[in-house]
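Structure first, commentary second.
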Amino acid sequence: MRELMFVESPAKIKSISKYLSGRNLKVFATYGHIRELSKGWLNFGPDNFEIKWSNIERKISYENKKVSIIEAIKNEAKQASKIYLSTDPDREGEAIAWHIYSILGKEHQKKCSRAVFNEITESAVKYSLENTRQLDQAQINSYLARVLLDRWIGFNLSSYVRKKVGGQSAGRVQSIALKFLADRDEEIKSFQPKNWFILKVQLQVGLTITLFKLSEAAESQVVLSPHGKKGVVSFQKKEDLERIINDHLDDHYILEEIGEKKLETSSPPEVLKTSTLFELAINKLGLKAEDVRRVAQSLYEGINLGGETISLITYPRTDRSSVSEEFLKLVKKFILKEYGETYWVEEGTLKKKSIMGKKEIFIQGAHEGIRPTDVELTPQKLSKLLSTSSLEFQLYRLIWSYTVASFFPSSRNEKRRYVFENQGNFFYASESSEVFDGYKYILRENGLLESREKSEFDFKQLIKNNKYLSKEDIIMEERNSPPSKYSEATLIKALENKGIGRPSTYPLISEIVRTRNYANFKNKKFEITELGYKVSKDLDQNFSNFISYDYTRTMEEELDNISKLKTDWKKFLEGVFIAWNDSLKGAEKAEIVKDKSCPECGSQCVYKFSRKNHNKFIGCIDFPKCKFVENIEQPQKEVELLDKLCSECKSPLAKKKNRWGNEFISCSNYPKCKYIERNKQEYETVENSFCPECNSQLVYKNSKRKGNKFIACSGFPNCRYSSTLEGKRIESKGNSKSNKPPEKLDRKCPKCKKNYLQIKMSRKGTKFISCSGYPRCKYVEWMDKEGETENKSS
């Protein structure tokens with residue numbers, strides 16, 4: 001009988017199989033999780049931790065027929081002498097291994113052992129098979145706690161926001177990400193702009209100097225600003241600065257002091273971990289978080305290079321920057337050979353780095369940082385095997401460069417300060433020169449750091465005690481800046497700084513926030529929508545003890561403690577469920593309308609929110625028995641009037657936002673005039689992706705009804721290609737066999753006598769004629785196969 005190895009992704013099969021070709025072993029993929037919590041199941045609580053699992057109904061091609069993944073796993077286990085559970089080396093991977101183990105009978109469970117590897121290389125895979133272990137029950141308990149915690153909080157919070165605020169859903173970590181956006185939005189709105197003035201003087205020799213100290217006489221006549229940069233004189237009023245120039249300065253500046261040279265060092269970066277990989281790839285390569293996750297996973301599982309599938313990087317989900325002793329030896333040999341001893345890291349810096357022993361790497365949760373599997377495969381060598389414009393090449397180059405740079409020495413700069421005096425007022429200029437590039441060399445070599453620009457001024461020409469004439473006085477107005485809106489990179493960094501989220505969740509957090517209509521993504525920045533802000537503030541008001549940075553961080557720490565046997569998972573959940581129950585009871589109490597009873601049944605009236613447009617209204621507390629509803633006049637939203645008139649009623653046009661937060665232009669005289677300007681909307685482009693039908697640029701769009709995000713052709717309506725974010729094609733409703741726009745006929749609709757008629761095709765492929773004013777006008781003429789009109793209906 002042969003041996004059997006279970007992995008998650010089929011992309012790993014070729015990479016692993018080639019290293020075990022001399023062994024009677026089959027590698028089989030589970031395609032991810034095989035079981036999940038039963039949908040809608042909440043039959044657990046403080047006194048009951050029984051869990052009901054449902055098999056994920058996934059069909060695969062197996063032995064020339066379509067069977068469920070569960071059936072295929074069980075059949076493979078029957079034919080195996082040994083079973084290696086080699087799913088990913090993290091908490092989710094341990095959980096999938098446990099699920100596989102759980103569905104097998106006791107006879108086959110005896111064959112199972114856990115074999116983990118952090119990189120798909122021959123040495124790592126073979127070593128894992130020689131050093132197997134049992135399933136880590138502590139890590140499994142941590143997974144169970146996380147699953148139940150997310151289901152409990154997500155189900156109850158989602159139910160609450162749907163009823164109370166009209167939102168779509170809420171979750172444990174998602175709600176915190178939304179809180180980041182809401183808090184930042186408030187910071188921006190409450191920002192108080194400040195401005196001040198500073199003085200620079202350009203000398204005739206070409207050097208620009210800055211005022212940093214006033215004489216006592218000069219300072220007594222002005223009001224200084226507390227908001228400017230430290231070490232520079234900042235004036236509240238421009239008039240005060242002009243008075244200093246006119247009354248307290250002449251044209252001669254004496255070089256009073258040439259400071260000593262000071263050496264400044266810049267330490268090399270750490271080996272990348274998941275959060276820093278995301279931040280750098282988003283900022284330097286312009287990728288989206290989901291693209292980084294997908295491409296990194298592909299580089300780990302293996303890509304085709306010259307007809308051979310090769311894994312290029314280590315496991316990409318890690319919160320450590322460690323490397324193995326084995327890799328340290330290899331990278332040292334490489335750097336000494338290619339760059340010489342000058343570019344090997346200083347011993348002091350090396351001692352601070354986290355180096356892992358060979359056995360430690362195979363302990364559950366002890367991951368290395370993200371590094372290349374073969375340091376000898378430089379970006380220059382890879383460029384001969386892989387297109388340099390591909391995302392795989394660009395991300396590999398970044399990972400390789402930062403890994404090697406982390407074992408280069410620090411860069412060194414020499415700085416010197418020059419002080420000029422004029423009538424007891426002092427100015428400075430700074431000279432900075434790079435004396436050793438260190439780790440910056442490797443980043444510049446690979447286009448990840450700009451080359452240092454040399455100073456245009458030659459400081460060697462300056463002589464102490466010499467007088468230098470001024471050429472121009474430069475008054476500069478400076479002002480403080482409001483906090484920036486979060487980008488994907490800064491949101492991930494903020495989450496990590498607060499100890500929230502884990503490597504596997506970073507790309508999902510921002511995607512969930514965006515697809516639930518709680519935030520839009522414009523110019524690579526998050527803009528919280530009105531609904532998102534409303535949901536966040538309500539949760540903040542009613543669940544402040546739980547939807548907080550400290551509480552969420554504590555939850556993550558407790559889940560980690562469970563995996564380290566420091567916390568009992570059932571006692572942990574018991575405390576959480578009891579506390580949440582009390583808060584939910586208080587929050588779910590409807591807001592009573594004072595001094596108002598239901599005119600239909602006499603019960604109390606309460607405030608509610610519409611699920612459709614999220615507006616507040618009054619309803620009966622006995623709904624659904626009594627369906628009394630009373631609309632509340634909504635406050636008029638401020639609109640931006642434009643210098644352009646409506647083509648139909650000549651009223652000013654206005655810029656508005658729809659309920660999904662998207663801007664549009666319509667008549668300010670709405671609802672009397674319902675004109676809407678059909679300008680072509682600007683959409684966020686999909687990087688390096690083009691339509692497979694017309695080769696136009698692909699863009700991200702949101703569906704009008706639910707706001708769900710999808711990918712579409714920018715050539716719409718001439719081309720109607722669209723797909724899900726995962727790349728699965730979406731068939732056009734009512735036109736599944738053709739992406740062409742409806743054919744316009746040269747006659748008007750006989751019913752509404754306003755719109756023209758057009759030929760369309762039903763989902764079943766039947767042609768018909770309908771009014772272009774649909775759905776307002778529902779006139780239809782059905783056609784036979786020859787294109788003749790069969791009947792009419794309206």
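Heads up, the Cβ atoms here are built off N, Cα and C, so glycines get one too.
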Which is it, of 103-108, 169-174, 523-528, 721-726, that TrEMBL names as region 'Interaction with DNA'?
-> 169-174
Give the residue from the recorded sites ARG146, ARG516 that has the most other Cβ atoms within 10 Å of its Cβ, counting over every protein chain displayed.
-> ARG516
Would you kindly list the residues that approach the region 'Interaction with DNA' (169-174) from elsewhere in its chain, counting only those six or more residues past its ends and only Cβ-Cβ distances under 8 Å?
-> 149-150, 153-154, 157-158, 160-162, 500-501, 505, 509, 512-513, 516, 535, 539, 552, 555
Sorry to bug you, but what's the C-alpha spacing from ARG317 (site 'Interaction with DNA') to ARG146 (site 'Interaction with DNA'), rounded to the closest Å?
-> 17
Could you give the Cα-Cα distance between HIS33 (site 'Interaction with DNA') and ASP150 (site 'Interaction with DNA'), in whole Å?
-> 17
ARG516 (site 'Interaction with DNA') - helix vs strand vs coil (DSSP) = coil
When the recorded sites HIS33, ARG317 are compared by other Cβ atoms within 10 Å, fewest goes to HIS33
ARG317 (site 'Interaction with DNA') to ASP150 (site 'Interaction with DNA'), Cα to Cα, whole Å, comes out at 20
Provide the number of Cβ atoms within 10 Å of the Cβ of ASP150 (site 'Interaction with DNA'), excluding the reference atom itself.
-> 15
